[in-house]
């Protein structure tokens, strides 16, 4: 650790780049006006809509490159507004409800004052924190999510060899940089090369090209429509398709087992010595041939044909092995029946029983796959189908039930007790408690009142709420989570790369072993073990054993070992408020040995409260004017109203509590620097808010500045206020430590994980929090800026540490991105969630323990699956080849081998499903007291002023 700290001290002076401010006030005003105007025009006359269409086409040319003006501000305004107008008109002309609020969302991030954690930014509005509250990656603009990838729904994959072939086919295309294929979810995600994105409408054209190519190669594929309105329909369609395939599989299974039962009846009557005329018909060769043909041409037809087609196209799969085994048994038996003098045995019953056992295994496997996706289906089911739309503002007489997918931005919906919230939005009137457990995993209900954010799918428990819609349908936070989790499930864990290499060559290896088995027993077996022939010929025994080798091999178990465990793990996490973006993240997270916490908003609650405004004792000596507390708050709030930083929010709340006059920063003057502060022109005065260094940089002077540092005690941080070239005041804050922070740190330490804390605060404030939560002061790094946090993470990594960084604000974004695993608190800034592969949607530190335990249990399950899959094939193939025949006289018939093959796949699926129970039995936070969530009743901190709700 000492080497890390010493190395870090050499880079601590790194300068941090100045970030630009948010959009100017006029641009936001125009955006809001457009939003109100067009969302209010949903019921325009069709003639007017038709007349809008030519306008849409004409607006197509008004992009930034073609809208020219000598005025740079006008060019910027045109480039920003005209695409929005075009999008709105397109929505109207197609009667589409896909409006999005463009006026919400935080800005570019605001620095941590005197070491605050940072976050927020310019350009936010009264709903600026909606992104962070309603989920990671909740978009506030008109962009389409997942804009850099192509998702394909791929059918016809039956084993690991199939998924490896699909990946190889995709990556062989020049437009594809890399691809990832998930056998369990039957999807492929493609990352194209940069050159492919230069083509207009490249996603649609390239997606169709790749899908057609896969279809021609034997894998029926369709490109996924990435438009959010269609996402839920796609997900529902896939679920219905799986259910339909399961029903079809059930019918085929019933027919095959009926035929198998007839075969077994014949054997049973022969064994019992039953002698009746109809028994002779059942034992006749012609009857057995008929049963075998009906099986191969009926329930086994698809299986056999798919296997032969795959073999001819150079990508053999498990169906190829089963098909070859069944056809070989039928061919040899037919030859033996037609030429009795060969002395070969006939075993027409083997293909019948083989197909029956294989179809049984497939049916159980399909059921297990549907069960594995039940968590995702459960997430989808939390969204209601109907909503009560409020018309004319009359709650009593003007509500009408409408489909939820028809809701638009700006609509008002009424939510009665017991109803599920139909869309993401903001409460306009009413007060109630909301159950968000299906969304965040938070067991405690949360109080909601006017101005509170609500998420689609949460349950209204008592009062009536009127909510303004901000996002609906696939644009909701639940939709984002489902979409991100599905993409995460298609991201391969590094361990999967070994499996892909084996699975891609596995089928060829099995066919080679089958040929070797036939050669050995046909040429040498009779000499080595003549008693094994049982009055048959060497050729008959060799053919039977070689067929058993083909059938017993199970590439499907290899292909399912990793993706099924990842599917269950990520889906299980999503249902419990843990967003884990990929199998590679689960694997890394399971190996973490160092956890670095940000202080503000992570170890503390992130809701600082103004406790005191301090004016210098001799203001006339340092200032041109004397400033009152009200004036200081009024000026500081004018600057902070442009941010969503917790400190900024606290200042604005304090100003409102004192009924300060509302002032605004002059347009285009707001500037900020994460980790330092912000400055703007207010009422012709340059107002600086931030750290002491920041205020000095902007010209504030006076010896009393240093004396004011003494006011920063314990966990109370300060922000300096400068007006022009003078110090106006210092504002003190208090931010309480999370109730579960100490227990989480203790738990991590007990597991042998090194725990550090990074903070932009001064040493005494950071040490106070460290003392409360139990972090050694030697592992507290205070007074650091965002770039320095990133450098510290890099130093730990140079010392071979696997680092997880836990943070919540834009100040943490660089450190989160550079760590091995970035963990964002769900209530933090959107940028933190966007760069973090792990998001704790419930905004509770105990979820960190859940996420780590889930990753460990998932990887443990993956390893168990791989041991089983490899072990089964390593043991099963030699037994099928007759290795026990000289020792014990034991051999596997093709039908017995088929039954074992089904059991192997089912074992992998069952073990993956058991992950649910293992996770709950090993959770580390059973004794951790749940932390009261924001909005629940709890004692208020003692402050100088009572804060308004």
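Backbone N, Cα and C define each Cβ position, glycine as well.
Summarising the annotation, Swiss-Prot assigns active site, 4-aspartylphosphate intermediate to 598 and lists similarity to another entry as the type of evidence. For residue 598 (active site, 4-aspartylphosphate intermediate), the number of other Cβ atoms no farther than 10 Å from its own Cβ, over all displayed protein chains, is 30.
What Swiss-Prot lists as Cu(+) binding site is 159, 162. When Cβ atoms from all protein chains are considered, those within 10 Å of residue 162 (Cu(+) binding site) total 29, not counting its own.
The ATP binding site annotation in Swiss-Prot covers 807, 808, 809, 810, 811, 812, 813, 814. Note on residue 814 (ATP binding site): other Cβ atoms within 10 Å of its Cβ, all shown chains, come to 24.
Summarising the annotation, Swiss-Prot assigns Mg(2+) binding site to 808, 812.
As annotated by Swiss-Prot, compositional bias 'Gly residues' applies to 113-126.
Sequence annotations record features per position, and here Swiss-Prot assigns domain 'HMA' to 148-222.
Residues or ranges marked as region 'Disordered' by Swiss-Prot: 113-142 (among others).
The feature region 'Disordered' is assigned by Swiss-Prot to 925-949 (among others).
Annotation source Swiss-Prot lists transit peptide at 1-103.
Per Swiss-Prot, transmembrane segment is recorded for 253-274 (among others).
Taken from Swiss-Prot, the feature transmembrane segment covers 287-306 (among others).
For the transmembrane segment (314-334), the list of distant contacts is 158-159, 161-162, 165, 169, 217-218, 289, 292, 296, 300, 303-308, 344, 346-348, 350-351, 354-355, 358, 507-508, 510-511, 514, 540, 543-544, 546-548, 550-551, 553-556, 894, 897-898, 901: same-chain residues at least six beyond its ends, Cβ to Cβ under 8 Å. Taken from Swiss-Prot, the feature transmembrane segment applies to 314-334 (among others), supported by sequence analysis.
Per Swiss-Prot, the feature transmembrane segment maps to 349-369 (among others); the stated evidence is sequence analysis.
Residues of the same chain lying 6 or more positions beyond the ends of the transmembrane segment (502-524) and with a Cβ under 8 Å from any Cβ of it are 159-161, 163-165, 168, 316-318, 320-321, 324, 538-539, 541-543, 545-547, 549-550, 553, 555, 558-559, 873, 877, 880-882. Among the features that Swiss-Prot reports, transmembrane segment is placed at 502-524 (among others), with the record citing sequence analysis.
Here Swiss-Prot flags 543-560 (among others) as transmembrane segment, drawing on sequence analysis. Long-range contacts of the transmembrane segment (543-560) within the same chain, counting only residues at least 6 positions beyond its ends with a Cβ under 8 Å from a Cβ of the stretch, are 158-164, 183-184, 317-318, 321-322, 324-325, 328-329, 332, 345, 347, 350, 354, 358, 365, 499, 502-503, 506-507, 510-511, 513-515, 517-518, 521, 865-866, 868-870, 872-873, 876-877, 879-882, 891-894, 896-898, 900-901, 904-905, 907-909, 912.
Swiss-Prot lists 863-882 (among others) with the feature transmembrane segment.
Secondary structure of the domain 'HMA' (148-222) per DSSP (helix as H, G, I; strand as E, B; remaining residues coil): 32 helix, 20 strand, 23 coil. The largest share of C-beta pairs under 8 angstroms with the transmembrane segment (895-913) comes from 349-369, of the ranges 287-306, 349-369, 863-882. In this structure the alpha carbons, written CA, of residue 162 (Cu(+) binding site) and residue 812 (ATP binding site) are 42 Å apart. Residue 598 (active site, 4-aspartylphosphate intermediate) sits 5 Å from residue 807 (ATP binding site), taking the Cα positions as reference.
The Cβ of residue 807 (ATP binding site) has 34 other Cβ atoms within 10 Å, all protein chains considered. When the binding-site residues 808, 812 are compared by the number of other C-beta atoms lying within 10 angstroms of their own C-beta, 808 comes out lowest. Averaged across the domain 'HMA' (148-222), the predicted model reaches a pLDDT of 86. Taking the C-alpha positions, the distance from residue 813 (ATP binding site) to residue 159 (Cu(+) binding site) comes to 40 Å.
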